[in-house]
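A short write-up of the structure that comes next.
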Amino acid sequence: MLKLFSAFRKDKIWDFDGGIHPPEMKTQSNGTPLRQVPLAPRFIIPLKQHIGAEGELCVNVGDRVLRGQPLTRGRGRMLPVHAPTSGKVIAITPHSTAHPSALAELSVMIDADGEDRWIERDGWADYQRRSREELITRIHQFGVAGLGGAGFPTGVKLQGGGDKIETLIINAAECEPYITADDRLMQDCAAQVVEGIRILAHILQPREVLIGIEDNKPQAISMLRAVLADAHDIALRVIPTKYPSGGAKQLTQILTGKQVPHGGRSSDIGVLMQNVGTAYAVKRAVIDGEPITERVVTLTGESVSRPGNVWARLGTPVSHLLNDAGFCSSADQMVIMGGPLMGFTLPWLDVPVVKITNCLLAPSATEMGETPEEQGCIRCSACADACPADLLPQQLYWFSKGQQHDKATAHNIADCIECGACAWVCPSSIPLVQYFRQEKAEIYAIAQEEKRAAEAKARFEARQARLEREKAARLERHKNAAAQPAAKDQDAIAAALARVKEKQAQATQPVVINAGEKPDNSAVIAAREARKAQARARQAENIPAATEPVEPVDPRKAAVEAAIARAKARKQEQQTAAEPTEPVDPRKAAVEAAIARAKARKQEQQTAAEPTEPVDPRKAAVEAAIARAKARKQEQQAAAEPTEPVDPRKAAVEAAIARAKARKQEQQAAAEPAEPVDPRKAAVAAAIARVQAKKAAQQQVVNEE
């Protein structure tokens with residue numbers, strides 16, 4: 001009794017909500033063995049036959065290829081595709097593929113040479129000695145993908161399972177009507193299928209391996225039981241026929257009683273599922289060393305005279321397979337790739353067979369019936385009762401029709417497996433699956449756009465942060481450069497400080513002037529000349545090397561200027577000799593000397609700052625002649641007019657007015673923009689100003705006394 005209960009508990013199965021029981025229509029094709037189809041003259045191999053990006057091309061137009069030779073390289077989720085036969089690559093161009101939209105995808109076209117020669121095959125009969133990574137890499141590089149319809153790369157799926165897989169499930173349910181590819185494969189190749197299952201179990205090391213098969217396949221069940229008679233590591237579970245018990249989530253719940261969480265995967269609960277055809281492809285890749293170049297395809301429907309299952313090479317045009325099966329086309333003939341519930345109608349028949357093609361259904365007009373007209377939803381809830389995913393199809397229908405993407409997402413439209421059970425039972429003939437497919441595609445497109453926008457925003461913010469960092473670093477460099485002057489600037493600052501200290505030391509010494517003696521201004525003159533020399537040196541450094549050449553000095557003009565200077569000097573000596581020698585106030589003399597030095601220094605700075613312009617010889621000669629005429633006139637007037645006594649008050653007032661005007665002129669000169677000045681003319685004016693200043697000072701002293 002205990003053994004009976006133990007056996008009952010071991011073989012226990014569960015059920016799932018919803019589901020339907022449509023006509024099976026499997027006897028049309030499952031009664032005949034697998035057969036080979038003659039090679040097509042031309043093969044069309046799409047580069048993308050799986051979930052993920054297409055691989056990188058490794059052949060060119062004109063290359064000769066052998067069967068099993070890689071046409072692309074697979075990295076990551078990029079699964080390679082292989083040549084289905086030997087021949088020549090005649091084109092690499094977009095071509096319509098097996099998809100409801102019939103969009104063109106990049107494909108390799110090969111003209112078969114009829115020899116069907118293989119590449120050199122290297123099988124691993126001792127796969128038990130190979131590491132897990134080696135086996136997964138071989139499976140991936142040999143192009144094995146899920147052959148149950150999803151097309152997910154098998155190597156990636158095995159790699160993602162890791163060590164957390166406790167149960168390996170082999171899906172042999174094949175629940176959709178008309179399709180018998182897995183049923184016939186298990187009948188004819190049961191031993192190879194079981195060997196592939198053992199390879200998968202060796203890679204994953206699960207606690208248990210379960211094969212789930214519906215009870216409407218008695219021949220396949222008997223063949224598997226015969227192969228597994230002495231095996232204790234693989235358990236066969238026969239489940240009731242119910243659509244869609246072959247769905248991944250539904251079969252997981254039937255065999256384990258566990259439900260895959262919303263938005264999750266079966267691996268989250270320790271379960272990994274593979275298809276029967278995938279297990280057979282794994283065996284051929286590992287043990288036989290053959291990449292996947294063909295698969296079993298069901299050819300069925302009343303429009304086919306020879307229904308059955310065939311070994312179809314990947315890339316074979318659909319029209320070639322149907323013609324081999326005795327296809328009788330009509331004006332309104334439809335051909336469905338897949339089953340009647342989850343398949344799609346082909347727009348034309350030159351579409352190639354790919355890895356996920358398991359059935360080609362060519363029904364007659366009476367077999368499928370007329371397509372009823374879509375009517376309004378009556379809220380009968382029949383779709384909700386039939387939904388195996390516990391969704392509310394009527395609500396999802398309204399959300400999809402009203403473009404309410406947020407509400408559709410909140411009602412778990414992503415969990416819809418598109419089995420078509422809701423549309424099958426709908427009394428209003430609403431194509432619910434089409435609405436759901438379109439809504440999921442729109443939601444996916446919106447999510448991709450939001451992802452791209454977020455990535456663009458992140459790139460913009462990163463750029464702004466980088467610019468801010470660069471700006472802060474630039475300001476810091478400028479700040480450090482301003483705080484630490486260059487060595488040349490430091491030398492100039494030190495020289496200026498030394499000059500200031502020297503002047504302060506000279507100013508502290510008392511100035512002693514004896515009456516009757518001429519002041520000794522040799523030190524002041526020497527210092528002035530030194531400063532002028534420094535200014536000229538600095539000006540010479542600042543002038544670029546590419547300046548215009550200095551024009552030669554006119555000797556006549558120089559002689560005239562020298563004569564004028566000598567005449568003024570004689571006149572000044574005569575006036576000094578005529579006037580009585582009086583004692584000079586030392587403080588006043590020191591102040592006047594300081595003022596003269598300041599003015600001279602300012603004049604030198606202006607002269608050094610202003611650019612030197614070329615002197616017009618004619619203009620200089622005219623100015624010299626005018627100056628000589630004015631000098632003669634002043635000498636004649638001074639000799640003719642008698643010397644009058646000078647009013648001290650009036651002289652003082654005039655001196656004050658002169659000083660005020662001088663200050664005003666200095667302020668205006670500082671405020672107004674500097675104009676180019678002739679350096680020679682400026683020097684003459686400065687000399688005249690100094691003479692006039694000395695004369696005014698002497699007159700003021702006389703007036704005060």
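Even glycines carry a Cβ here, placed using N, Cα and C.
Source: prediction; values computed, not measured.
Together with C377, C380, C383, the [4Fe-4S] cluster 1 site in Swiss-Prot holds one more listed residue from C416, C419, C426, which is C426. Of all the binding-site residues in the list C387, C416, C419, C422, the shortest Cα-Cα distance to C377 ([4Fe-4S] cluster 1 binding site) is found for C422.
Taking the mean position of the Cβ atoms of C387, C416, C419, C422 as the [4Fe-4S] cluster 2 site, the remaining residues of that chain whose Cβ falls within 8 Å of it are G18, C383, A386, P388, A389, L391, P393, I417, E418, G420, A421, L432, V433, F436. Other than the site residues C377, C380, C383, C426, same-chain residues with C-beta atoms no more than 8 angstroms from the centre of those residues' C-beta atoms, the [4Fe-4S] cluster 1 site, are I378, R379, S381, A382, P393, Q394, Y397, C422, V425, P427, S428, I430, L432. Put simply, of the binding-site residues C387, C416, C419, the one whose Cα is nearest the Cα of C426 ([4Fe-4S] cluster 1 binding site) is C387. In this structure, of the binding-site residues C377, C380, C383, C387, the smallest number of CB atoms within 10 A of the CB marks C380. For the binding-site residues C416, C419, C422, a Cα-Cα cutoff of 10 angstroms around C383 ([4Fe-4S] cluster 1 binding site) retains C422.
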